[in-house]
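Peer 1: Mind looking over this structure? Questions follow.
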Amino acid sequence: MSVTAFLVVLLSFYLTVGSVHSQGSPHDSFIIQYLERRLSQMEERMNQCEQKTVGVTQKTYDLSSEIRGYLSTLNVVRSEVQGEMDSMSARVDRVERELEYLENKIPTQTDIEMEEALLEQQIKAAELDLLKKKSNIKVEKDCSIGLSQIKSLKIVKKAGDTYGSWFKDPSQGSAKVYLLSGISNNTLLEYESLLSFIESNTTTPVKVLQLPFPWIGTGQLVYNGFLYYHKADTPNQILKVDLLNGTMVDSTLVPGAGRLPVYSLNPNTYLDVAVDELGLWVIHADPEYGGNLVITKLDKGSLAVEYTWDTKCRSRDAEGAFLICGTLYVVYNTRYGGRSTIQCLYDIHDIIHSDESPVMFFPKRYTSHSSIHYHPGDKQLYAWDDGYQTIYKVETHKNDQVTKE
């Protein structure tokens with residue numbers, strides 16, 4: 001029964017009651033009042049029921065909307081999970097294919113043993129090739145001499161800056177003298193002989209050569225008519241310049257060089273080119289070996305690295321070094337200048353040992369050197385001594401003899 005029908009019935013009842021009320025007795029009037037109260041209570045309860053029904057309907061609608069939202073979110077999550085599952089499945093398939101490929105590529109134990117044997121053979125071949133290279137250096141010339149002492153001193157001249165280098169071309173038949181003043185420049189002075197260098201301020205003209213690139217430091221050297229020097233603004237590049245036409249003919253990068261001055265007392269020199277009876281060398285310091293000196297043998301023609309030796313001679317407090325017959329002699333001093341001494345040597349032939357050799361002193365002259373170059377033909381050292389061009393005469397001995405100071 002709907003609310004509308006109920007109201008119609010109630011209205012009819014009211015009309016009937018009203019009619020009875022107007023015609024009935026007092027007892028009937030009491031009954032009618034009682035019925036009216038009961039009807040009012042029923043009406044109030046019906047209103048309350050209707051309000052609760054509306055509230056429940058609204059809540060049902062809200063719950064339905066919320067459930068629909070959850071279902072929509074669940075569908076989205078389900079789609080995402082399905083996508084992830086599909087992606088994971090594809091990845092698993094790809095991993096399975098890659099594992100199958102790797103299984104086919106991984107060599108068997110027999111193949112690994114064969115490769116290890118081949119690698120061992122290659123290592124032995126490389127070691128044998130290295131020994132052959134060292135052997136070739138040893139037998140290239142008769143190099144069985146070592147330094148006995150620095151016998152005499154001759155101050156030739158004072159020319160140029162405080163720092164610089166000078167030397168003779170050690171190639172056979174050459175008497176030319178070369179001078180490079182300062183720690184960085186692009187000018188080389190050439191003299192026909194030592195005498196012309198001594199007399200250059202008076203009558204003999206000097207030949208001035210402009211180099212294609214500036215040099216840095218005091219480690220330059222002329223050998224067989226070519227100038228070898230450290231190119232400025234590069235850490236470890238050696239240039240080879242033909243002095244006939246002043247053109248660069250070759251260059252090389254010295255491995256591991258250029259990160260540390262080769263001698264701590266000459267902080268502007270990072271590469272020191274040297275020559276001895278065996279050929280062309282480069283001396284440098286390597287921080288990976290505690291700053292100790294490293295010597296590298298170069299092919300004089302191609303500048304290819306033939307071999308490198310790590311020495312135990314420190315660069316700290318060193319002012320210069322030179323090689324005689326494959327043995328490195330390192331010259332030490334103090335930063336205030338004093339009497340130079342040779343306190344460390346390294347022999348590539350492993351015949352002479354530093355701890356068995358006495359300290360060798362330079363002739364009494366308390367100064368410092370910015371460069372020292374050995375001339376294997378003259379058996380002399382050409383040194384730059386605070387702006388003075390100095391020559392030291394060296395005395396050598398057979399390496400099987402006992403060294404004496």
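Each residue, glycine too, has its Cβ placed from N, Cα and C.
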Peer 1: Would you mind checking which of Cys313, Cys325 shares a disulfide with Cys143 in TrEMBL?
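Peer 2: It is Cys325, per the disulfide annotation in TrEMBL.
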Peer 1: Of 50-77, 78-105, which range does TrEMBL call coiled coil?
Peer 2: 78-105
Peer 1: What else in the chain is close to the coiled coil (78-105), if you only count residues 6 or more beyond its ends and a Cβ gap under 8 Å?
Peer 2: none
Peer 1: Applying a 10 Å Cβ distance cut-off over all chains shown, what neighbour count does Cys325 (disulfide bond) have?
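Peer 2: Looking across every protein chain shown, the total is 23.
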